[in-house]
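*Asks:* Before I ask anything, let me first share the structure, which is written out below as structure tokens.
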Amino acid sequence: MGMEVAAARLGALYTTSDYASVVSINLFVALLCACIVLGHLLEENRWVNESITALIIGLCTGVVILLMTKGKSSHLFVFSEDLFFIYLLPPIIFNAGFQVKKKQFFRNFMTITLFGAVGTMISFFTISIAAIAIFSRMNIGTLDVGDFLAIGAIFSATDSVCTLQVLNQDETPFLYSLVFGEGVVNDATSIVLFNALQNFDLVHIDAAVVLKFLGNFFYLFLSSTFLGVFAGLLSAYIIKKLYIGRHSTDREVALMMLMAYLSYMLAELLDLSGILTVFFCGIVMSHYTWHNVTESSRVTTKHAFATLSFIAETFLFLYVGMDALDIEKWEFASDRPGKSIGISSILLGLVLIGRAAFVFPLSFLSNLTKKAPNEKITWRQQVVIWWAGLMRGAVSIALAYNKFTRSGHTQLHGNAIMITSTITVVLFSTMVFGMMTKPLIRLLLPASGHPVTSEPSSPKSLHSPLLTSMQGSDLESTTNIVRPSSLRMLLTKPTHTVHYYWRKFDDALMRPMFGGRGFVPFSPGSPTEQSHGGR
């Protein structure tokens, strides 16, 4: 009898829990729909964009739930860095690589790497050293050198979504490629830095530890990139050889999606950077795999990846806004509100300084290597690049949760203050800086200060070769590529020279093996039948 009562109670509890989950999911999906509708209606608004709209809706929903539960809870779901890194981040980063305009991205690759990798390292050291000097004297709690270095990595991760939503990549392709490319490389570098810090004993730092740390950092960077390229090439080879689309377009679309996700998860399994892996997987897939599938699959994959990325981004901002008011996080820091506000202000100031510490000096160095005036970064563009990296987003929150939480919510004052301070910086920078982005860009770039109303990327961007000619069309042939005549040309115009040898290598070896535009052998019923028939 007792067992039957216990089983009945357990069943009732399970049913109640199940019902609550279904209600939460329904409400969250409804909120996502509201974010999309309101974001569309406010598209022309001077101050608000879709990201800020989702954040505001999340905050308002959190307030309503907080009032309805009498201060016990403010969220439908608990923020989980696992949910963020495993399910939400992969489609966003993959689509960034898949839809990127490769002509501009690789044309400015050295500058992007300079800002995204070297610049992030400068920002990391600036914020870390300042945090050690300032916070160690403020009696925050039991924070050590490793925690302060982690703070540097956490607040070096930018979120340039607000700026990218305002910039038009057709009107300002150079600036857009710099902001976009730096944002992706920055996130990858910050996460690689953060993960590398967890593998070392940072209590006793000497030259050997620093060298080992740098070696581990470059190993993660290069290995992750190689894995992404390998996964993209493997998908291209399989689809090209099997001609899956001849029998089922669903299978080739599914294979592209699953192999892209597999590359990310495999990188995480091997303790590499999933962001770098899936980003370069997206670039390689758009260069080879996408041209090996049928025309209907090309349209499907292009819009499917863009839609998944858009939903994930909206989900993230809604998620962050709703979870920001979680009472369980704030109650441990509530007895020191002044100190929490002071730390948030200091961190915000360090973000501003750390960003300026590399944007303007590195822009100056980059301009020294450029001959053409249109390739140099003007001071107005430098201000936009600096501003674009001031916002902090879900990456910073996820890393902060990973570092400063224990068993869900921390009981330590120092850790609690760092969590709440991170949330404060993210909310303030996204809301305040984000609202000022449109007016600022309209002031600095009046000719291109109109909201982007087009699709995330035009079909043309998916046809562009991996490295295209500097002046020509994305679809041009290789006949107009000038062969470099001397070592001097290699030194003075390295991009053109690398482009020439890359195209020779790509045409001779890569495309015959992995496919790509115009280089897949004709076979009746194959994905290239239509393209050959139209010639």
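Keep in mind that glycine also has a Cβ here, set from the backbone N, Cα and C atoms.
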*Asks:* Please state if Thr69 and Phe514 fall on one side of the membrane according to Swiss-Prot.
*Replies:* yes
*Asks:* Look up transmembrane segment in Swiss-Prot and report which of 174-194, 489-509 it refers to.
*Replies:* 174-194
*Asks:* Same chain, outside the transmembrane segment (382-402) by at least 6, Cβ under 8 Å from its Cβ: which residues?
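*Replies:* For the transmembrane segment (382-402), the sequence-distant neighbours (Cβ-Cβ under 8 Å, at least 6 residues beyond its ends) are 79-81, 84-85, 88-89, 115, 150, 153-155, 157-164, 167, 175, 178-179, 182-183, 186-187, 190-191, 194, 316-317, 319-320, 351-352, 355-356, 359-360, 363, 418-419, 422-423, 425-426, 429-430, 433-434, 437, 440-441, 444-445.
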*Asks:* State, in range form, which of 22-42, 47-67, 115-135, 138-158 has the highest count of Cβ pairs under 8 Å to the transmembrane segment (174-194).
*Replies:* 115-135
*Asks:* For the topological domain 'Cytoplasmic' (366-381), give the DSSP counts of helix residues, strand residues and coil residues.
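*Replies:* When I sort the residues of the topological domain 'Cytoplasmic' (366-381) into the three classes, I find 9 helix, 0 strand, 7 coil.
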*Asks:* Which of 76-96, 219-239, 416-436 has the most Cβ pairs closer than 8 Å to the transmembrane segment (47-67)?
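*Replies:* Comparing 76-96, 219-239, 416-436 against the transmembrane segment (47-67), the winner is 416-436.
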*Asks:* Most CB pairs under 8 Å with the transmembrane segment (265-285): which of 76-96, 115-135, 219-239, 305-325, 416-436?
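*Replies:* Answer is 219-239, with the largest number of Cβ pairs below 8 Å.
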*Asks:* For the transmembrane segment (305-325), give me same-chain residues lying six or more residues beyond its boundaries with a C-beta closer than 8 angstroms to one of its C-beta atoms, as numbers and ranges.
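*Replies:* The answer is 28, 31-32, 35-36, 39, 50-52, 54-59, 61-63, 65-66, 74-79, 84, 87-89, 91-92, 94-96, 98-99, 161, 257, 282, 393-394, 397, 423, 426-427, 430, 455-457.
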